[in-house]
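J.: What follows is a single structure, and I will ask about it in a moment.
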Amino acid sequence: MDLLQYGFFQHALLGSLLTAIACGIVGTYIVSRRLVFISGGITHASFGGLGLGFYLGMNPILMAMLFSVLSAFGVEWASKTQNVREDSAIAGIWSLGMALGVIFIFLTPGYAPNLSAYLFGNILTVSTGDIIWIAALALLLVILFSLFLREIVYVAFDRDFALTQGVPVKCIEYVMMCCIAVTIVLSIRLVGIMLLMSLLTLPQITVNLFTSDFKKIIFGSIAIGFLGCVFGLVLSYLLNVPSGAFIILVLVLFFLIVKAIKAVLKR
């Protein structure tokens with residue numbers, strides 16, 4: 001394929017693979033632990049960090065990462081120690097992040113920054129620096145889950161049982177919230193803030209139609225996520241439409257096709 005000759009497309013493919021690995025691992029924990037709403041709150045709260053980064057003239061991704069990690073810790077702390085309902089804490093963080101993002105962007109001197117790539121994603125613009133960051137994250141997640149998979153699975157499926165087994169539940173929860181926040185921010189360039197939650201959940205629920213095994217869901221999610229990125233990337237390039245939206249569209253089609261196949265096999 002002629003597209004493979006272009007450096008930007010090679011970067012996009014590598015970025016897709018690394019992002020699929022990171023989102024496949026973290027997304028499996030999110031779905032198993034039923035943290036989809038929390039992850040959505042963190043995703044939208046990161047908009048406040050982007051706005052602050054533009055306002056201060058700093059790297060918006062780094063500021064969004066800091067903002068997301070603090071938001072994740074804030075939700076965990078408020079819901080576990082301050083007798084605040086988790087959904088209420090998430091709603092507060094979600095709204096605060098979006099509000100601060102709008103205010104900071106409005107106050108940014110000069111021309112208003114172009115937010116399209118951050119809101120809707122454009123993986124064709126990923127840089128070597130982006131690749132290095134997501135590669136480091138993917139490697140860290142692989143090591144973390146390889147060493148502590150049993151403990152993470154205990155916490156994901158039954159927190160109370162994990163406590164009886166002497167698992168450091170609070171430590172794992174905070175570490176995983178941090179991993180979720182960082183994964184969200186580093187994946188923004190792929191599909192954007194508005195669509196990111198789909199990349200963290202659609203591959204998992206697709207694989208979950210056939211298995212409940214944690215490891216199999218991780219590997220299956222990585223495969224489906226990468227295939228969705230590749231198909232969406234090629235189609236978006238050929239049709240000249242935003243890549244993030246097409247990637248999610250392909251993942252939705254994957255889910256519907258697999259769901260239909262399973263329904264036929266049951267007959």
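The backbone N, Cα and C atoms fix where each Cβ goes, glycine too.
So TrEMBL has the following annotated:
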- 12-31: transmembrane segment (TRANSMEM)
- 36-55: transmembrane segment (TRANSMEM)
- 61-78: transmembrane segment (TRANSMEM)
- 90-111: transmembrane segment (TRANSMEM)
- 131-149: transmembrane segment (TRANSMEM)
- 217-239: transmembrane segment (TRANSMEM)
- 245-265: transmembrane segment (TRANSMEM)
J.: Among the recorded stretches 12-31, 61-78, 245-265, which has the greatest number of Cβ pairs closer than 8 Å to the transmembrane segment (217-239)?
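T.: Most Cβ pairs under 8 Å with the transmembrane segment (217-239) come from 12-31.
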J.: Establish whether the number of Cβ pairs under 8 Å between the transmembrane segment (131-149) and the transmembrane segment (12-31) reaches at least three, counting only pairs separated by 6 or more residues.
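T.: Stretch pair touches.
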